[in-house]
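These notes concern the structure reproduced below.
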Amino acid sequence: MEARDSPRSSLNGDFGFGTGSDRRFAFSRQSSFQQPHTPIAVDSGRPFLSRTDSSIDIPNPVHRYDKLTGSTERSSLPSFVFGVFRNIRSGHRYLKRLFLMISLNVAYSTAELLFGLFTGRVGLVSDAFHLTFGCGLLTFSLFVMAASRNKPDREYTYGYKRLEVLSAFTNALFLLFMSFSLAVEALHAFIQDESEHKHYLIVSAVTNLIVNLIGVWFFRNYARINLAYRNAEDMNNHSVCLHVLADSIRSAGLILASWLLSIGVQNAEVLCLGLVAAAVFVIVLPLFRATGGVLLQMASPSIPTTALSKCLRQITAQEDVLEVSQARFWELVPGHVVGSLSIQVKKGIDDRPILEFVHGLYHDLGVQDLTVQTDHT
């Protein structure tokens, strides 16, 4: 028994797994298999199963050891922030478009705030604060777009792409709150039976509508309610588009309510605000559910649960497999599925063919990173 376990222990030691009884490994398909400094020629036409610490590429660590002082230098927060600003400067077109749109909104909200303070218009000041809060969320989306371009490090081995999912979730949550506040405002107008939309607020709504329509034009490729997210960037860009689209709908609703009131339509404000609240809720809810599902590590919608169940049945049907348990599959970000499972096999058998079969099964299904633990009983 010791002679049989000796080569396996040597293999684990070579790849950094230690000599314990822990049998958890991650696998990746490669066209060739190489040990350090010792290339081994194999048939490149047939994928070979390699044992590695992870099926993702982990770059050089950000901790640098100083041989003279014996200290460890760590990448600081200022360097990270400066890296983000460098990414903004050299970023892609959506990054630059978002920066321009935020600049327009900040300039407009500042002018509106100053005009409202000097003239004593409380409505203008309130609308300026609403726009400022929205600009803060868009600035967070801008920061996330730039930060997500940073490469993985030892703290974040999967990288920073999930920041874009968090940004999209934050935007969706804010828009749902805006929908609720508009519904409350409509209810208040119905109870008080009066309109608060003066002529200066209508001018503000028209100007705000023009600014937001520019943002909708910038992100017109994402101007849809239901969108198939191929990656985390699509999710964040979609949230930005829905943010400016919801603000546009709100401004258009205020303009429509003012026009209906001018021609004598009763309860026009209640009707328009209610419709705007319902419209914002409908366009944002799919994004809220999608981002929430990713953050809660739900099963990937791109892989049917029936397909996962079929894979489990095929693994259980193997002759040397006794039990399959703790099968968990989730989306790290849209388009990147991660999975793990535990397999109990018969004692004394070579589990490599089983592991190769399991990996190939889930690889064909669309699972990029799979971790398998085998127990001999």
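Backbone N, Cα and C atoms are what each Cβ position is placed from, and that goes for glycine too.
Annotated in TrEMBL:
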- 98-296: domain 'Cation efflux protein transmembrane' (DOMAIN)
- 98-122: transmembrane segment (TRANSMEM)
- 128-147: transmembrane segment (TRANSMEM)
- 168-191: transmembrane segment (TRANSMEM)
- 197-219: transmembrane segment (TRANSMEM)
- 240-262: transmembrane segment (TRANSMEM)
- 268-288: transmembrane segment (TRANSMEM)
Which stretch, 98-122, 128-147, 168-191, 240-262, 268-288, tops the Cβ pairs under 8 Å count with the transmembrane segment (197-219)? 240-262
For the transmembrane segment (268-288) and the transmembrane segment (98-122), decide whether they are in contact, meaning at least 3 CB pairs lie under 8 A, counting pairs 6 or more apart in sequence. no
Long-range environment of the transmembrane segment (168-191) - Cβ separation under 8 angstroms, sequence gap at least 6: 133-134, 137, 140-141, 235-236, 238-240, 242-243, 246, 250, 267, 269-270, 273-274, 276-278, 280-281, 284-285, 287-288, 291-292, 295
